[in-house]
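Here is what TrEMBL records for this protein:
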- A:D198: active site, proton donor (ACT_SITE)
- A:H369: active site, proton acceptor (ACT_SITE)
- A:G51, A:D53, A:D444: Ca(2+) binding site (BINDING)
- A:H76, A:D80, A:H81, A:H144, A:D166, A:H391: Zn(2+) 1 binding site (BINDING)
- A:H78: Zn(2+) 2 binding site (BINDING)
- A:A236, A:S237, A:N238, A:H365, A:V366, A:S367, A:G368, A:H369: substrate binding site (BINDING)
- A:23-225: domain 'Metallo-beta-lactamase' (DOMAIN)
Number of protein chains: 2
Amino acid sequence: MKTDKKESKSVKIIPLGGLDKIGMNITAIEYEDTIVVVDCGIAFPEGDMLGIDKVIPDVSYLVKNKEKVKGFVITHGHEDHIGALPYILPQLNVPVYATRLTMGLIEHKLKEANLIRKTRRKVVKQGGYVVLGDMRVEFIKTNHSIAGASALAIYTPAGVILHTGDFKVDYTPLFGEPIDLQRLSIIGKKGVLAVLSDSTNALRPGFTPSETKVAKTFDTLFAEHKKRRIIVATFASNVDRVQQLINTAHKYGRKVILQGRSMETVIEIATDLGYVKIPDKTLISVNDMNRYPDEQLVFITTGSQGEEMAALSRMADGTHRKVRIKPNDTIILSSNPIPGNEKAVSRIINELTEKGATVIFQDTHVSGHACQEELKLIYSLLKPRYAIPVHGEYRHRAAAAGLARELGIPDERVMLIQSGDVLELSEEEGKVTGKVTAREVFVDGLGIGDVGNIVIRDRQNLSENGIIVVTLSLEKGTNNLLAGPDIISRGFVYVRESGELMQELRAVAMEAVKRCEKKNYREWGKIKGEIRDALDEFLWKKIKRKPVIIPIIMEV
Amino acid sequence: MKTDKKESKSVKIIPLGGLDKIGMNITAIEYEDTIVVVDCGIAFPEGDMLGIDKVIPDVSYLVKNKEKVKGFVITHGHEDHIGALPYILPQLNVPVYATRLTMGLIEHKLKEANLIRKTRRKVVKQGGYVVLGDMRVEFIKTNHSIAGASALAIYTPAGVILHTGDFKVDYTPLFGEPIDLQRLSIIGKKGVLAVLSDSTNALRPGFTPSETKVAKTFDTLFAEHKKRRIIVATFASNVDRVQQLINTAHKYGRKVILQGRSMETVIEIATDLGYVKIPDKTLISVNDMNRYPDEQLVFITTGSQGEEMAALSRMADGTHRKVRIKPNDTIILSSNPIPGNEKAVSRIINELTEKGATVIFQDTHVSGHACQEELKLIYSLLKPRYAIPVHGEYRHRAAAAGLARELGIPDERVMLIQSGDVLELSEEEGKVTGKVTAREVFVDGLGIGDVGNIVIRDRQNLSENGIIVVTLSLEKGTNNLLAGPDIISRGFVYVRESGELMQELRAVAMEAVKRCEKKNYREWGKIKGEIRDALDEFLWKKIKRKPVIIPIIMEV
């Protein structure tokens with residue numbers, strides 16, 4: 001029989017992001033006076049978030065409960081898991097815990113934001129743990145598309161919460177150990193209250209292939225393209241893959257040139273921390289490239305997602321300062337387009353092909369996320385009481401929930417929650433008992449949160465139809481027209497070739513002003529409204545467009 | 001030995017669009033005083049063509065040579081092949097030739113544009129031909145994702161040009177005949193000067209599966225989901241697939257409801273012309289849906305590409321007037337996302353899944369375009385002297401060119417040309433001998449061509465950072481400030497919460513005006529420049545943003 005004490009204990013799981021789409025991962029685990037926060041990531045803006053650079057979470061719930069928050073525990077060093085730290089730490093100065101490479105990447109960010117001295121940091125080894133208030137957090141080795149990725153076992157008085165982080169099961173990783181399945185099994189055997197699991201690939205059957213497969217492809221390609229210059233684009237953060245490329249280059253007697261700011265930065269950090277080992281005299285500067293024939297060079301570059309400012313884009317469109325694409329180039333895209341980037345990647349492939357280069361993008365990448373069989377394996381080892389699929393769009397999480405049910409977890413203990421939900425779990429019961437703020441905060445330039453949905457809607461209107469500004473001067477205290485109405489537009493039509501239309505607009509505005517005089521309108525709001533409506537109606541009738549119209553009245 | 005006469009004859013192939021990306025297909029074939037134009041399509045705007053509705057070709061070359069143009073010959077009824085006719089025919093009133101369904105779709109457009117009476121039209125049977133000036137154009141049956149698709153054999157005094165149109169080889173089409181391989185072989189045996197071939201799938205190995213495969217999937221799904229309401233989204237123009245869905249519905253005792261304007265229009269046209277046969281009492285109005293239980297209904301709807309205003313989108317986001325998604329719904333997406341639409345399709349799948357529906361999108365679609373083995377087959381039957389891959393991005397056309405070379409066509413007779421190139425071909429030689437205008441003309445609302453690259457660039461600036469308008473009044477003939485500077489913004493920041501920033505902006509503008517007074521600037525251009533530069537610099541330093549800044553001076 002269960003004791004009363006055990007029955008009364010419950011823990012709260014509060015995702016502040018990451019559940020509405022992929023990105024912006026941050027989840028609070030709360031037990032009485034202890035809150036531990038897993039990850040603190042950004043999201044990349046959606047196509048309709050015009051002008052927005054990054055999206056960060058709203059952590060007002062954490063700020064309100066500042067004294068409870070014991071620290072951030074970070075699963076791995078990808079932007080969607082660490083990128084918001086520089087924005088959040090000034091609001092919430094708590095320690096950060098992570099494995100070595102993850103911490104190296106975080107520290108680089110903190111230095112740039114001038115936060116390094118103010119932030120307490122502790123590197124945790126895989127297999128080790130930290131005690132945070134009433135909780136203990138153990139870091140467990142997993143595999144992912146970045147080194148140092150960990151699952152977190154969070155031991156709370158109400159039970160163990162196992163957060164998988166982003167993971168795959170790679171039995172034969174290129175470097176280091178496979179995921180620690182034995183440790184996960186032992187934790188599972190002792191009893192796991194809930195698993196929060198990566199759902200990214202939950203719609204894909206089977207197993208994600210090992211990184212070893214990509215290594216084999218590289219070797220084949222280097223052997224086949226011996227007489228050519230090779231350029232490989234991949235994610236800078238996939239340090240194992242970059243290491244493998246360096247090894248392959250070395251094997252085939254090629255020098256390596258790193259291109260792109262993040263590639264250079266990340267590989268420098270990874271090398272300093274011992275994650276990447278570069279054979280002597282293999283790495284050369286781009287300035288020395290002319291000292292070697294093409295067939296002795298490999299470029300490893302950023303831009304595999306078609307990012308406009310990245311090194312590969314500049315090579316493709318001919319604006320790279322040092323590197324010109326030649327028909328003798330073989331370009332390997334070692335990544336799949338992230339949803340939304342398909343067109344940008346196609347554009348680059350077209351540009352490179354037009355310059356005569358050979359572009360290869362098949363079998364040159366494997367995913368870093370677990371497919372269905374891997375998810376089944378992890379659930380079977382952990383046998384959690386509750387399954388909480390995270391890290392995915394709804395359809396991915398729904399697919400993961402389906403797998404959990406197939407494995408015998410009853411429906412009422414498979415939880416498809418939303419960002420902001422306060423999910424309270426005990427052995428007996430799991431339910432959403434509250435709701436906290438879980439907004440997206442937009443970062444635009446240095447501005448944080450000063451651009452919101454209304455501003456974005458304005459930008460959308462401006463982007464589709466442009467703007468018309470109507471100015472007029474009225475005599476103080478009267479509605480006598482002194483000057484104007486004048487009309488200026490941007491993003492509307494070619495003014496030079498639309499002189500007639502602009503004339504008509506002026507006439508329409510003038511009529512509206514005259515109507516206001518007749519009606520003896522004094523209120524500017526009314527006069528502006530009259531002008532706006534008149535132009536709006538005229539333009540819709542005439543050319544079926546709805547530009548933003550701003551009447552401006554100056555009183556002199 | 002060849003005769004002198006033959007040696008001197010050459011024909012010009014002038015693509016006015018369709019070669020820089022997929023869409024806007026239009027190609028002129030010119031021999032002395034005869035020009036025949038193949039297709040007249042639109043392109044859908046790229047993501048960065050803000051506010052643009054459609055893109056149409058610039059036909060000024062054809063207008064300039066009006067008296068030579070004998071007509072448009074149309075391969076099939078897709079938008080990227082017929083969509084520009086209503087815009088082009090007013091500039092170039094020549095006859096249009098097409099097969100029956102294609103003509104039905106064209107006539108629908110011409111009616112809407114009030115051009116039906118002015119346009120000469122002639123329906124051509126597959127196997128039949130028309131004589132146009134010095135040329136004869138034969139329409140040859142092919143398979144594609146729309147009924148009535150034809151390849152065109154254009155007999156010119158300089159040789160036969162074979163334009164494949166969009167095609168695949170379907171040995172077992174659901175309805176009608178397979179592609180007329182025998183006729184193509186005979187034409188090939190007699191000698192083909194050039195093949196213009198569909199390159200869309202030239203990067204894909206193997207054969208595109210038959211439409212029959214989709215029909216089998218439908219049957220299986222209808223059998224498995226007997227107790228559920230079924231909603232299928234597909235392309236309205238794929239009338240064979242819609243026919244098959246109607247047949248399957250009939251077999252399983254279901255009523256069919258068509259949803260979406262283009263679905264209703266196209267199926268009405270196709271039914272009138274005998275392309276679609278609907279069993280008695282199978283089609284019902286959406287208003288009668290409540291008279292039948294869910295398991296006796298099938299909706300066939302538009303919106304398979306996630307188009308925002310289409311019926312499926314409205315069902316998914318809960319704004320459809322009649323249809324509410326229920327957990328008992330099975331939704332079949334019978335199409336693949338066209339590049340660029342991936343995110344929109346994902347959004348819809350998420351929304352439908354959140355409403356509890358089951359969404360199926362695997363094995364429910366086959367492409368309408370030929371893969372590598374089909375292209376090899378067609379080249380092998382036609383054995384053309386010149387291979388001119390068309391209809392594809394550069395990388396697709398380059399892949400098709402590779403296939404042509406593999407089949408033994410020498411490098412100098414495989415032509416990767418650009419829109420606007422004048423390609424002159426004779427038995428002896430093929431080369432680009434000139435260049436004509438081949439611009440993209442933007443359609444925005446009712447405006448055609450009044451929005452160009454400068455306007456688009458303005459819209460991009462506006463969309464990313466918004467706009468700041470600075471107004472001031474100066475005394476006539478002096479630079480004495482009478483009123484202002486005032487500042488109004490749109491799409492810039494939340495004005496209410498950024499009061500301080502707006503104050504600072506006003507102060508910066510005021511200082512700039514004072515500097516102008518001191519420097520005794522009279523020219524408004526200089527004063528405006530001073531204000532713009534001051535605000536620009538201030539904002540970049542302060543928040544790293546670059547809004548569009550418009551200073552407006554009123555003289556009173």
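If you go along the chain as it appears here, the first residue is 1 and each next one adds 1.
Positions of Cβ are set from backbone N, Cα and C atoms, glycine also.
A map of TrEMBL features onto the structure.
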| residue | record | DSSP (3 states) |
| --- | --- | --- |
| A:H76 | Zn(2+) 1 binding site | coil |
| A:H144 | Zn(2+) 1 binding site | coil |
| A:D166 | Zn(2+) 1 binding site | coil |
| A:D198 | active site, proton donor | strand |
| A:A236 | substrate binding site | coil |
| A:H365 | substrate binding site | coil |
| A:D444 | Ca(2+) binding site | strand |
Chain B contacts among the recorded positions A:G51, A:D198, A:V366, A:H369, A:D444 (Cβ under 8 Å): A:G51, A:D444
Per DSSP, three-state class assigned to A:D53 (Ca(2+) binding site): coil
Site with most surrounding Cβ atoms, counting all protein chains shown within 10 Å, from the recorded positions A:D53, A:D80, A:D166, A:D198: A:D198
Within 10 angstroms of A:D198 (active site, proton donor), Cα basis - recorded positions out of A:G51, A:D166, A:H365, A:H369, A:H391: A:D166, A:H369, A:H391
Length of the line joining the Cα atoms of A:H391 (Zn(2+) 1 binding site) and A:H369 (active site, proton acceptor), in Å: 10
Rounded Cα-Cα span from A:D53 (Ca(2+) binding site) to A:S367 (substrate binding site), Å: 26
Candidate nearest A:D444 (Ca(2+) binding site) in space, where candidates are the binding-site residues A:H81, A:H144, A:S237, A:N238 and distance is Cα-Cα: A:H81
Pairwise CA distance, A:H369 (active site, proton acceptor) versus A:H76 (Zn(2+) 1 binding site), rounded so that it is a whole Å: 13
Position of peak Cβ density within 10 Å, selected from the binding-site residues A:H81, A:H365: A:H81
All-chain count of other Cβ atoms within 10 Å of A:H144 (Zn(2+) 1 binding site): 29
Site of maximum Cβ density within 10 Å, from recorded positions A:H76, A:H78, A:H369, A:H391: A:H391
Neighbourhood of A:S237 (substrate binding site) by C-beta distance under 8 A, where only residues 6 or more apart in the same chain count: A:G77, A:H78, A:L105, A:S145, A:I146, A:S262, A:V266
Site of maximum Cβ density within 10 Å, from binding-site residues A:A236, A:V366: A:A236
Length of the line joining the Cα atoms of A:V366 (substrate binding site) and A:H76 (Zn(2+) 1 binding site), in Å: 18
Number of Cβ atoms other than its own within 10 Å, given for A:N238 (substrate binding site): 24
Listed in sequence order, residues not in A:H76, A:D80, A:H81, A:H144, A:D166, A:H391 with Cβ within 8 Å of the centre of the Zn(2+) 1 site Cβ atoms: A:N25, A:D39, A:G41, A:T75, A:H78, A:I146, A:A149, A:G165, A:D198
Distant-in-sequence Cβ neighbours of A:G368 (substrate binding site), under 8 Å, six or more positions away: A:N143, A:H144, A:S145, A:I146, A:D166, A:K168, A:T208, A:N238
For A:H76 (Zn(2+) 1 binding site), the one of A:G51, A:D53, A:A236, A:H365 that lies nearest, given that the binding-site residues are compared by Cα: A:A236
For A:H81 (Zn(2+) 1 binding site), the one of A:G51, A:A236, A:H365 that lies nearest, given that the binding-site residues are compared by Cα: A:A236
